[in-house]
Amino acid sequence: MLQEPINLPKWLEENQHLLKPPVNNFCIQRGGYTVMIVGGPNARTDYHINQTPEWFHQKKGHMTLKVVDDGEFRDITINEGDIFLLPANVPHNPVRYADTIGVVVEQDRPEGMKDALRWYCPNEKCREIVFENSFQLVDLGTQIKEAILDFDGDIEKRTCKACGTVATSRP
């Protein structure tokens, strides 16, 4: 049976309390694609690597999408009202600010396709990969948060092998 349309302003009014750190997302529709509402502020340092594209729409306020584009670290600003399609396999870190709301649409992953969370060394002279966690993503609502908390709780995973700098899961 088809799901009824969702009135987004009404949903936000009634459910904004569901947008909790560290990811601040809530999956409102599933079925081939997952539609998430994402609030700010968030506090993450990981870069998500998704083998499928991700569609962003900034409903309220602006956000910064930190990406690694052909080996270069750069920021993409997505302003209120903007849409942006991030190609597959681009490491990205969505930075959301206080009192902002976005919608993200991701394709459900086929069996065997792995997502990854990657942390880079925070030392700008180094920027080597500190740790990467690959996993079969089945539940966007819980697995990203679990991977972040796992990284946060293990200093060995957070220590850069190249320069010794200790990374954190929050900026």
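Cβ coordinates come from backbone N, Cα and C, glycine included.
Just so it is clear, the model here is predicted, and its values are computed rather than measured.
Features as listed in Swiss-Prot:
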type	residues	note
BINDING	R44	O2 binding site
BINDING	H48, E54, H92	Fe cation binding site
BINDING	E54, R96, E106	substrate binding site
BINDING	C121, C126, C160, C163	divalent metal cation binding site
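Sequence-distant contacts of C121 (divalent metal cation binding site), defined by Cβ-Cβ distance under 8 angstroms and a gap of at least six in the same chain, are R127, E128, I129, V130, C160, A162, C163, T165, A167. Taking a C-beta cut-off of under 8 angstroms and a sequence separation of 6 or more, H48 (Fe cation binding site) has the following same-chain neighbours: P91, H92, N93, P94, D115, A116, L117, R118, I144. Report note: the Fe cation site is defined by H48, E54, H92, and the residues of the same chain whose CB lies within 8 Å of the CB centroid of those residues, excluding them, are Y47, I49, N50, L65, L86, V90, P91, N93, P94. Ranked by CA distance from R96 (substrate binding site), the binding-site residues R44, E54, C126 have R44 at the top as the closest. Under DSSP, C121 (divalent metal cation binding site) is assigned to coil, being neither helix nor strand in the three-state scheme.
The CA atom of the residue listed as 'O2 binding site' is located 18 Å away from the CA atom of E54 (Fe cation binding site). For E106 (substrate binding site), applying a Cβ distance below 8 Å and a minimum sequence separation of six or more within one chain yields Y33, T34, M36, N50, T52, E54, W55, L140. Around the Cβ of C126 (divalent metal cation binding site), the same chain contributes C160, A162, C163, T165, each under 8 angstroms and 6 or more positions distant in sequence.
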